[in-house]
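A.B. asks: Provided herewith is a single structure, encoded as structure tokens, for subsequent inquiry.
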Amino acid sequence: MANYKNLRLKNAAFKRFLCVVLVTLLVVSLLIVSLRTNTTPGLSESVNIQSFIEKLYLPKRNEFSIRLEERNRLPPMNIDLYPKLAKDHITIVLYVHNRPQYLKVVVKSLSKVVGISETLLIVSHDGYIEEMNKIVEGIKFCQVKQIFAPYSPHVFTGSFPGVSPNDCKEKDDAGRKHCIGNPDQYGNHRSPQIVSLKHHWWWMMNTVWDRLKETRGRDGHILFIEEDHFIFPNAYRNLQLLVSLKPNKCPDCYAANLAPCDVNLRGEGWDSLIAERMGNVGYAFNRTVWRKIHMKAKEFCFFDDYNWDITMWATVYPSFGSPVYTLRGPRTSAVHFGKCGLHQGQGNSNACIDNGSVNIQVDDIDKVANIRSEWDVEVYENQQGYKAGFKGWGGWGDNRDHQLCLNFAQMYH
């Protein structure tokens, strides 16, 4: 009987030992797999994304394009000066082209923004322009990351999306001239310098939300500004207030804006918040809204208008099925300035800026947060502007541009 009990005890002990061994082996195996997966996440991820990109109908990359994509993976500058970002920071993305005079004005205004050192500034370039790059490299007031659109006409100077030798021009008859291209609704063929405006914005949005290590895991709001937006000192603090108030004050608002949708207005000066149609000066939205926009890639990519903002107003926002409102304060915190188009104003000429400078009045009230949490919301309904049914200004009729645009929406998924 004693031997039988000893045998049962030994068997039980052996089973417990066996269980411990099996569990230990399982844990060790999981750790090994995890280590193998995470040892070089950037490398493996880069390889996976690159292999997927190669399956898309993207232009064959040249050496310049490859170098720009490598630069896009570099960490932000000034981490030694600002090693930590504020926990509740709102990333700022600055969309630039080739107007160095304007960029200098914007950078100077950003340097005076209260709270700017707490956040990350991402500057998205349409290709690579040395003078623009030097201005950004001189920024020392916050963390700065530069990204460069690798499929810009500035990068592909002798082939699509730049100018191809056999491209149709202006109102050429493709059949008669045996040239390449599809005209827009007005009979005009693509202009690479013009279509790049929409391509750059769409590439930037997809890259910021779904590719960059610094932002792809963030669900909160991201602020988007451009090189001709003067930013007031209170802009960042006001934006933080708008973002915090939006869920309760305007739960149906898709975004927060620093300026009225009518760029000629400076605000009403009322003691109330304003809900109106989305503006294109200093707009901020979160990942939930981005997902809705991303799902409308087809609408965005096939609408015959080279302007990203008009495309959004006339086809993307109306497709959401309900009014798209944004929340702002009664006094502007950003101003659109300048007289030149996005691909003018290069060099030393002062023609794009009155008297070679920008004189925007900044009052004391514009230097501190001036939005109050107790304010009610005034809703503007039936505002004038581009709406569903508008056919577009054209410039975006080429099937190659449609396909490139769609590829930008797919390249990180």
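Here the Cβ of each residue, glycine as well, is placed from N, Cα and C on the backbone.
Please treat TrEMBL annotations as automatic predictions, because they have not gone through curation.
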A.B. asks: So, in TrEMBL, which cysteine from CYS301, CYS340, CYS352 is disulfide-paired with CYS405?
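C.D. replies: Among CYS301, CYS340, CYS352, the record in TrEMBL lists CYS301 as the disulfide partner of CYS405.
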A.B. asks: Run through the Cβ atoms and count how many others sit within 10 Å of the one on CYS405 (disulfide bond).
C.D. replies: 22
A.B. asks: CA-CA, which of the recorded positions ASP126, CYS253, CYS301 lies nearest ASP228 (Mn(2+) binding site)?
C.D. replies: ASP126
A.B. asks: Have a look at the recorded positions ASP126, CYS250, CYS301, CYS405 and say which one has the shortest Cα distance to HIS336 (Mn(2+) binding site).
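C.D. replies: So, spelling it out, the nearest of the recorded positions is ASP126.
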A.B. asks: Within 10 Å of its Cβ, which one of these disulfide-bonded residues (CYS168, CYS179, CYS250, CYS253, CYS301) has the largest number of other Cβ atoms?
C.D. replies: CYS253
A.B. asks: What is the separation, in Å, between the Cα atoms of CYS250 (disulfide bond) and CYS179 (disulfide bond)?
C.D. replies: 52
